[in-house]
């Protein structure tokens, strides 16, 4: 009887803890401070007085305009997040327009706080994502790819590395919705080889199993940011 009571208590406690989780982060970090007199920083944005809200707080104009793809990657992301559209605060969504020059690329990257759903409206895109490390060490990360045409939709799960490449000879345009008001983006090459200060070449040499001169060459490149 005592054992049954103990098990019941443990299960009840576990059930209550399951509903007592922290909110999902809306920024890279939110460092706690003990000084009650300091400036307030919250996980997201402070809410505007409802009496001061207007229709303009829920409005953004300009996604009909093509982005400038004159850069090494041949692509441009026009982002509409909470920083540009205040009404998105707490709604858990944002939107981007992506323009691609012929053979333009959105390089491998992740969104640490959002899944992404992409729809192609012009051109032909080769897209894909890679799974996280498998539990079985003998298996490799799996790649899922698809060639998309106007009207096609593809989903990139939250946090997974993904990419888009315009395989056509003409420009391409896509729109994407993301499941966060501030999804964040980590471009893999930029983060690994273009950080400031740089990651130790000893670390990267061992991580990528290449000569140190290769690492130095990669760290010396200009890493383009199309956001």
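Glycine is treated like the rest: Cβ placed from N, Cα and C.
Per TrEMBL, these features apply:
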SIGNAL    1-20  signal peptide
DISULFID  30-47  disulfide bond
DOMAIN    61-216  domain 'Cupin type-1'
BINDING   109, 111, 116, 162  Mn(2+) binding site
BINDING   111, 116  oxalate binding site
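Residue 109 (Mn(2+) binding site) and residue 47 (disulfide bond) have their C-alpha atoms 31 Å apart, to the nearest angstrom. Looking at residue 111 (Mn(2+) binding site) and residue 47 (disulfide bond), their Cα atoms lie 25 Å from each other.
Taking only the Cα positions, the spacing between residue 162 (Mn(2+) binding site) and residue 47 (disulfide bond) is 33 angstrom. Annotated Mn(2+) site 109, 111, 116, 162; additional same-chain residues within 8 Å of its Cβ mean position, judged by their own Cβ, are 110, 114, 129, 156, 160, 161, 183, 185. Counting every protein chain shown, the Cβ of residue 162 (Mn(2+) binding site) has 23 other Cβ atoms within 10 Å. In this structure, 109 is the one among the binding-site residues 109, 111 with the smallest number of other Cβ atoms inside 10 Å of its Cβ.
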